Amino acid sequence: MHTTRLHRQIVNRVGLIVIVLAFLVTASCISVMNWLYHKSDAEQVAAGLGKVELLLHNEQDELSRAVRDYAVWNDAYEYMSRPNLKFETDNFTQQSLNVMQLDFVAMMTAPDKVLFSSEINAVIPDPKTTPAINSPSLFAMLAKLPDWQKSTGEKTQPRSYLTFINGRPLLLAVSGIFDSLQQQPDNGLMIFGRYLDGLYLQRLQQLAESRLQLSVHTPEKPVARTAFHSEETASKRLTGWQVPELWLQVSTDINWQPRYMVMALFTGGLLLVLLFASWSLQHLLNRLVVARIETFADLAWRRKQGERVYWPVEGQNELDLLARTFNELMDEVQSAQKNMYDLSITDPLTSLGNRRGMEEHVVKMMTNCQLGASLSMLLMDLDGFKLINDSLGHAAGDLLLQEVAQRMRQVMRRQDKLFRLGGDEFAVLMPHTTAGQGQLLAQRLLDILEDPIHFGHHKLSVTGSVGVAEWDGEADGLELMRHADLAMYAAKRDGKSCVRLFEKGMSGVASERMTLEQELRRAIAERNIEPHFQPVIDTGSGNVVAVEMLARWQRNNQPVPALGFIRLAEDLGLIGQLSMQLLEKGLKALRRFRSHYPELRLQINISPLQFADPGLAASILQLVAEYDLPSTALAVELTEGAMSLYPEQVEQTMQQFVDAGVSLHLDDFGTGYSSLARLRDLPFDTVKLDRSFVMMLGEGDTTLSQAVFDMATGLQMDLIAEGVENQAEYEELQAIGYRQMQGFMFARPMPESALIDWLRAQAAA
């Protein structure tokens, strides 16, 4: 009933026939007018398109002639061999670039070597010099020009290119640099560049009497034309340029004045006919529809401004039903928006704020900071979390993160805000706090992590690397976070489980580390890290009983310290891949070594992080079998620190090695914290005396070396003394009872080929 009543009140009184008639007359007028003017506009745009294309080719020819005039010239040819300032300042001043309408000029001897470059309107620190181009993306494009691959004969004629740099259309002219008679081969390229935008584009548009746009992509098709479209557009694919596809688009505004005059003639009579009908309908429409719609529109505008509004319900017609439905919808939307916002800024695992929440909160804190007030940010990354998460599963990792979050809450102040940024990284915003005060809070956070966290029958232990940065009053939130992040990575680099404050020099260190990471990834992917081998000598018989495999990496023809890149590989999760690569090369070499010493054994070092893999022993033993070697030909060296990370998994893996016949060596003994009772229960068969103890022998201190000897002898373990470098150390060790030794006194670590020669010499002796 109510729906049909409103329908009749509107439809029956609007005058359907009048409206339809008015629509048909108006549409006919517009269609005829639009067709006539579109035809004229299309012809005008097509003419402009041809004019612009001709202008562009003229610019191409003019720029090519200009670059050839400079490139085929004895002075330019001599400059490429002997650069001099006079040539630069005489020929490529700001005034000369202006005269030639050049934006830049460059003279290059190779794709990666720019001998000279200059650009228009650059800041010149010294008036006697020319300003260099400061655009890495431009030089990257110049380095890829096809002309570098051309022969001398092909470079005699200049080539032109039309390309885009940072979204700007750029016209290039390139020529090889020759002597004036072109009797000598070219010694470089000269490049002139002119950007086709700004004032230059305005000049072209004035000549073409149209708006222009250049693109390397097919222009989007214009939106379907309407009767009142305000511009005419045409596109054309240009040819003859050194780009895969170049499009020129020309647009021109449409003059509506004549159309308005025609429309007025046709619509004038229509308005007279409709005037009376409109006056009759006005009262009813205003009372029943328009007035309420205006009220609804006003309320909708206020709702858009953030007000919470409700549409009035006055009866039972369709507008009232719409109002009730809208009010219910607004309630649901507001509730859903609040829930979605809360979820978007909250970490579901710990119920802390997430990264987005922190970014919003730091902006608020910076805005609310009074003049002179301090604000600091703390970032903490958990050390050892990945090992626990990978070894015990996500359940253990989640429990650990929740417990860490709870402990951090306990030591934070009321005004501090705690966030989990993702993974094992936490952040704390500390208002009214200097970096020094933040460092004290950071130390308290590290202290609460010392107690292990229980997961089943496991005790989970983690530490944290913490970086603290203080806001300088100018940086934004992202910059403050970057500073704290740099400080955190400095803490990781300094040994983890420590706090570092941000210093300006850290940005350079971070950049160097990033470069080193990239090169290490590439070196591992390309298998460029090689094994070197250091012999282990039985001083009683003089025989070589084993060789220890050590990793060596040449970066830019300079050796990289092994400890540094091994730790970096551990941080990047690449240590397993690197170790298996080296083992494969070492086993291959061992087969050749054993032709001279059939009982020779290969000693390999295993990173503590690799023991998180339950399949470690199986993978290594399978590789040994593939090279047709007995498992007894392998000795695995572990440090004391390996047993503290995940003792149960380490013991299982050690037992697998022992069951297969692999020898286990305790490396760098005395530098860790293992007790004798603990070592007695582990299946080691050999102890390696650390170099630091051997050095004490030169000072007359034999106490520790004697103690290690007595301990190993009592546990029926073999002994190897590392780092023996001189006769005095050798004699002291022999006097104590050490038989197996390695060090520079006997041989330095050497590549495979050198060791084979060394073994041959030993066998011959």
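Backbone N, Cα and C define each Cβ position, glycine as well.
Bear in mind that TrEMBL entries carry predicted annotations, made automatically and left uncurated.
Summarising the annotation, TrEMBL assigns transmembrane segment to 14-37, 260-281. Residues or ranges marked as domain 'HAMP' in TrEMBL: 312-338. Per TrEMBL, the feature domain 'GGDEF' maps to 373-504. According to TrEMBL, the feature domain 'EAL' maps to 513-763.
Looking at the domain 'GGDEF' (373-504) alone, the prediction's average pLDDT is 87. Note: the domain 'HAMP' (312-338) comprises 21 helix, 0 strand, 6 coil (DSSP; helix = H, G, I, strand = E, B).
Shown for the domain 'GGDEF' (373-504): DSSP residue counts in helix, strand and coil, namely 57 helix, 39 strand, 36 coil.
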